[in-house]
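**Q** According to TrEMBL:
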type	residues	note
COMPBIAS	341-350	compositional bias 'Acidic residues'
REGION	337-374	region 'Disordered'
TRANSMEM	56-74	transmembrane segment
TRANSMEM	81-99	transmembrane segment
TRANSMEM	105-132	transmembrane segment
TRANSMEM	198-220	transmembrane segment
TRANSMEM	240-262	transmembrane segment
TRANSMEM	269-290	transmembrane segment
TRANSMEM	296-316	transmembrane segment
TRANSMEM	421-440	transmembrane segment
TRANSMEM	491-510	transmembrane segment
TRANSMEM	531-550	transmembrane segment
TRANSMEM	570-590	transmembrane segment
TRANSMEM	655-672	transmembrane segment
Amino acid sequence: MSNATEAAEGMSFAYSCQDPASVDACAATCVGLQACQACECSVIPLDVQGPWDVEALDVIFGLLPILLLIIVTVKPNPWPTSFSLPFAALCMFLVRTMYLAGDPLLAAACVLLGLLEALTPLSIIAGAMMLFETMESTYCLPYMMREMKVLTNGHPIAECMLIFSFATMVEGASGFGTPVALGAPMLVSTGNPKLESVVLLLVFNTFATVWGAVGTPIWFGFGGLKDLTEDDYLSISSKAAVAMGTGCLVLLPWVLTILLPWKLIRKNLLFIYLAIIGTMGPLLGVSFVSYEFPSLIGGLVGMGITGALISFKVGLKDLTQDDLELLEYHSDHRKGKDDVELANESEEIEEHAPTTNQNDEDVAAVGDTTSNKPDSVAIAGAEGIVGTKNREEAAVVSQQQALDDALGPRKGWGQGFLREVFARTFPVWGVVVLLILTRIKEIGLKEILTDQEPNFEIHFGTFGTFRLSASIVFQLKNILTYPNLSWKYEFIYLPFFLFSFISFLTFGLFRKKLSQTPKQVVLVVAGRLKNPAMALFGALVLVQLLIRGGTSSPAFVVGTILADWFQEGFVVITPLLGALGSFFSGSTTVSNLTFGDIQAIAAESIGVSTTAMLALQAVGGSAGNGICLNNIIAACTVVNLQVGEGQILARTARYVFALTTWATIIMLAFYFRF
């Protein structure tokens, strides 16, 4: 049924009813909770302000939970997000009820809805983890890494550009920091310094996360905004792609100087630009027809084009003796600088390191080879560092030898090479095929998998109405009696099911040679989900408390006041808010959920394009992944890099700011009309 809202005459509230015919009778019948339930109506305040009616205080208190979240995130001994985000959600609950004097029943309903909504991104993360753990256990991922190394033949420019395409593809498939966790070890394994490898992958990842995890930041991040249509989602996608594509062309050669000398980059600029176009060109094209596939297809096509450019040496210059000497000098200079910084910071890291953080279990999984070596850490000089490095290099050689033994010798063209490539890359192309089949409307599967009819339902009193459809779509309608405050979970349609399905098919295909059993993989994934789950539950509760309630929501109060203060200048801070959201939450999706409503309200208030404003928010959220503490800690963990997060933040921040500045210029030039 359609929803209707009407203000009661002379009152500061309105009735929101499922049945438009009930609006007139609601004032006469809604004398108690059961009467309101009978006509499916609820009371909504029309104008909510703080007790002192001071706009500045309304903004301060409305943003106070987020400000506290930033403080506990950046302080010397930061709180883990598994604790800080639930704490921020609690603060937002108190702000709604104690300062804004909002409806406590609505606040409680928002908490429940947030817990349920968190199941969507959490399950996608679980599916992505399972997919890549499966690829590791079946030796598909090591095989792909070996073939990439053979293809690039040690050329650093070729390695970086191929990994850029690979990271874009992985972001499109899974997101949530996976590209950095996979790409950084690949660069390190080819002899590159750990610190620069981590920084480079963090910045690479900023160009693709608008469409991460099959477009989750758009369709889920902005899914709660009213009046957004499919065309609006496509408009957001294409506008963000224009900003990202042009930004990549301008900034990526500069980004490569993180790892490589400019002289070598300049010598291979033609290859670099062709490789960028090979990835970002398809991404841009797909963004006009889909908001789910740009990164996935752009990265996949980009890997093929970049591989062809490498094979035929199009614009890629052979390394000369001078180039090798330059690389050696550059690498030694970088490593020496990093070693000195590591020695100087070792005591500071131990002093300020949190006793528990969101990556403890990941550390245990990959092995912390320095935690039990006090001799190498205590000696703040070159000797201890070199000793640690030698042990690490020996471990890498031993691990590589074990992988080579498991994979066996490379096959030639006449020895089943293409068949092996086809089989070993099945997890990637299998996921792509399933996603395309289930996402393209014309095929017809999307409508079947998301169909909410027929269904059976169970009424749980004032808690809500539970529904389950034949397509396994779970729903909870009218949560705590609030009309249209509902949740749904499309089990078969969501990427979680598709990732899991492909994972088990892959296990069946390579069942004769596994490094882990399916049960072990499931247990590893479950163990790693514990802290991200707590963080996501807290984040989604915070978001629902921020955005729900129409004109009574903190997002509406803050958004309208800030838009009135800044007027057209609000556009300038839009991407910075997006980056801020990713910084404290670790996710473009959560950033869009947190600030999307504020951005939409501001766009409407100052009279500019809502889709352009949301695209700029998404670009800012994507850029913010480069300064996200979660991603930094996870990347350092997988390569066993012991440095302070501040050292990496100092290196990535300039690129993040450059990307948000460029995106703002592009949006102002092409899409904003005041």
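Even glycines carry a Cβ here, placed using N, Cα and C.
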**Q** Quick one: do the transmembrane segment (240-262) and the transmembrane segment (655-672) have at least 3 Cβ pairs under 8 Å, skipping pairs fewer than 6 apart in sequence?
**A** yes
**Q** Check the transmembrane segment (570-590) against the transmembrane segment (421-440) for contact, please; criterion is three or more CB pairs under 8 Å, pairs 6 or more apart in sequence.
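**A** With fewer than 3 qualifying Cβ pairs, these stretches do not touch.
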**Q** Under 8 angstroms for C-beta pairs, at least 3 of them, ignoring pairs fewer than 6 apart in sequence. Is the transmembrane segment (105-132) in contact with the transmembrane segment (296-316) by that rule?
**A** no
**Q** Determine which residues of the chain contact the transmembrane segment (655-672) at the Cβ level, with the cut-off under 8 Å and only residues 6 or more beyond its ends counted.
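**A** That would be 203, 206-207, 239, 242-244, 246-247, 250-251, 254-255, 571-572, 574-576, 578-579, 608-609, 612, 615-616, 619-620, 623-624, 626-627.
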**Q** With pairs restricted to those 6 or more apart in sequence, evaluate whether the transmembrane segment (198-220) and the transmembrane segment (269-290) have 3+ C-beta pairs under 8 Å.
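**A** Between the transmembrane segment (198-220) and the transmembrane segment (269-290), contact is present.
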**Q** Six or more residues out from either end of the transmembrane segment (421-440), which same-chain residues have a Cβ under 8 Å from its Cβ atoms?
**A** 131, 134-135, 138-140, 143-144, 147, 169, 173, 214, 290, 292-293, 296-297, 300, 446, 449, 493, 495, 498-499, 501-503, 505-506, 509-510
